[in-house]
Amino acid sequence: MRTHAVAGAVTAVVLAPLAWPGYALRYDMVFVPRQPLNWEMLAPADSLPRAVPLDALVSLANVAIPGWLLQRIVLVAVVYLAALGAARLMPAARTGPRLVAALAYAWTPFLAERLLLGQWALLLAYAALPWLVSAARDVRDHRPGGLPRLVLASALAAVTPTGGLIALAAVLVLLPLRSRATWIAFVSVAGLNLPWLVAALTGPAGGVSDPEGVPAFAARAENWAGAWWSLAGTGGLWNASTVPASRASVLTPVVTLLLLAIAAVGLPLLRRRLPGLTDRLLILAAGGFVLAALGSGPGEPLLEWVVGHVPGGGLLRDGQKFLIPYALILALAFGAGAERLAGALARRFEPSAGRVLLGGLLLLPVAVMPDLAFGGLGALKPVHYPADWDAVARQVAAAPGDVLSLPFEGYQSYSWTDGVVVRDPAPRYLDAPVLINDALRVGTVTVDGESPRAAEVQRHLAAGRPAAELGFRWVLVRVGAGAGPPAEVLAGLRPAYAGEYLQLWSNSSVTSTSPANFDRRIFALAAHAAFAVVVIFYALALLRTRRRSW
Amino acid sequence: MAKLATIVVALVAGGILGAVGIIATMGAVNPSADRVAQTSEIVDPATSVYGTR
């Protein structure tokens, strides 16, 4: 019960600003009142499927739940499940070490930095991993219900390609290779990865990415100790704008050393209590750490070659995201180390001395990074969409057709987001195919996107030629987001809506959407159906076991 | 003796946590010099940057 209370308290402290109404919009985190369920959500026509099957799941959930509530549910689930999962996985008879592991996993630089970057779907994988490992332990021990729990935890992780790959790797590493259950689990989790795989293989976007993305998205030194030491403390995200300022503290590397030392003390205990599984989790964590460190060391040229030449290699460019297994083993070993040290102290002096130490170590993650509290000291403060968005969405829905969103930048800050950078909400707000620029600007560097159509449009607009020639039914202009498009770009278009924040221009010479690729749609639908079948099958199988609740 | 040990442990643990907390909070409210320098290097304060290193 105390683990639930602590998980709840951590969740409340981290997500406190979400008590205010509105939408917390930050970078990749874009929730809208009602995300349409259309083919773009199943298999985006012009970009790599980075949010597949995530978008379809959000659209489906949006049928029953409004966007503002859905956002709160998933963010609460992330923090709460991460804390509770780590506490339950921690092999300790007493509650104290479990709570230490819970806080060490739920109050990490990784969670803070990815949350402030808005990558909540990746954090679902983070929250799912302790449950996945716990289920893997049950599968190894032939306990009933282990396999369904393993696959369902993997499903939570597999809402994005990265999470799906981490789940697949976890299944392969954590389970014994020569086992029927392993291969059943492998095939099932591979099935969960089908939606994004099919969308990527059948899409027009090139499979390879711009190698310039490797140095741009490589792990970053957050303080004097360098990038690799930042990774050792589960930080090191590439974007300085989304890193809690306390990570730059001169003391942070010293506390990382303390954390690692206590984890080293606890590792032998953890290996005794989770025999076999700890070693395998260590291997998984080591693999993830190598991927995370590769871009910021001598391995950078190799990674650039992989990203630039191997289809799908772009998944590796922001390698810090693969730290998830490392963060988990670190939290568990830290919890075990805290238990050992507290036990030694209690035996030498008295029980209360051990409890004091345990309490101190429980609060250490909070003390070293206090600015995760209250949504990164207010960074998650919700805002409201201007009424223009609803007005434009109605007009587009009345005459559906392809939409070009200008300025041709995928990410921008707006006055109505209080200056916070956010991904263009148009593809999720409007019930139509919306083309946005998938090139990413990191400082002064522009990392090219993968969409040939976006690249063509970029060249066309850069030449100052009219957008009307590009064949879009609508041109959306986001006012106030930098300089507006020049008059010659809007030549030949008729104004359809003019608000304070949005303008909609109509191209009456275009009356239909771009031709649909029906084969691709059937494949995408089949892949999503496979995902759903796997989830439903194992949910029913879990209900049948009735042995143990989640 | 035992009570004294508890007090000593509490003082050490509390001292470490307090020091860490104070320095981390100072870091949180007062960004380090290299961050300020990095921000001031951006010539065009464009609104369309995904992030800065």
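Note: Cβ is positioned from N, Cα and C throughout, glycine not excepted.
The transmembrane segment annotation in TrEMBL covers A:69-90 (among others).
Annotated transmembrane segment per TrEMBL: A:111-132 (among others), in sequence order.
Under the heading transmembrane segment, TrEMBL lists A:152-175 (among others). Here the transmembrane segment (A:152-175) has long-range neighbours at 49-54, 57, 121-122, 124-125, 127-129, 131-133, 135-136, 139-140, 181-182, 185-186, 188-190, 192-193, 196, 200, 277, 280-281, 283-284, 287-288, 315, 321-322, 324-325, 531, 534-535, 538-539, 542, meaning same-chain residues at least 6 beyond its ends whose C-beta is under 8 angstroms from one of its own.
Beyond its flanks by at least six residues, the transmembrane segment (A:182-201) meets 42-44, 48-49, 52-53, 56, 139, 147, 150-151, 154-155, 158, 160-161, 164-165, 167-168, 171-172, 175-176, 207, 311-312, 523-524, 526-528, 530-531, 533-535, 538 of its own chain at Cβ-Cβ distances under 8 Å. The transmembrane segment annotation in TrEMBL covers A:182-201 (among others).
Residues or ranges marked as transmembrane segment in TrEMBL: A:250-270 (among others). Taking Cβ pairs closer than 8 Å, the transmembrane segment (A:250-270) reaches residues 91, 104, 222-225, 229, 232-233, 278, 330, 332-341, 361, 364, 368 in its own chain, all 6 or more past its ends.
Residues 166, 169-170, 173-174, 214-215, 217-220, 227-228, 231, 236, 316-317, 319-326, 328-330 of the same chain sit 6 or more residues outside the transmembrane segment (A:282-303) yet have a Cβ under 8 Å from a Cβ within it. Among the features that TrEMBL reports, transmembrane segment is placed at A:282-303 (among others).
Listed by sequence, the residues of this chain that lie at least six past the ends of the transmembrane segment (A:323-345) yet keep a Cβ under 8 A from its Cβ atoms are 86, 89-92, 94, 96-98, 100-102, 104-105, 108, 110, 125-126, 129-130, 133, 166, 170, 231, 234, 236, 259-267, 269-270, 273-274, 278, 281-282, 284-289, 292, 353-355, 357-358, 361-362. For A:323-345 (among others), the entry in TrEMBL reads transmembrane segment.
Within the same chain, residues 13-18, 24, 26, 96-97, 99-100, 103-104, 107-109, 111-112, 115-116, 244-247, 249, 251-252, 255, 258-259, 262, 334, 338-339, 341-342, 345, 420 sit at least 6 positions outside the transmembrane segment (A:357-380) and bring their C-beta atoms closer than 8 Å to a C-beta of that stretch. TrEMBL lists A:357-380 (among others) with the feature transmembrane segment.
The transmembrane segment annotation in TrEMBL covers A:522-543 (among others).
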Positions whose Cβ lies under 8 angstroms from the transmembrane segment (A:522-543), at least six residues beyond its ends:
39, 42-43, 53, 56, 145, 147-149, 151-152, 155, 158, 188, 191-192, 194-195, 197-199, 202
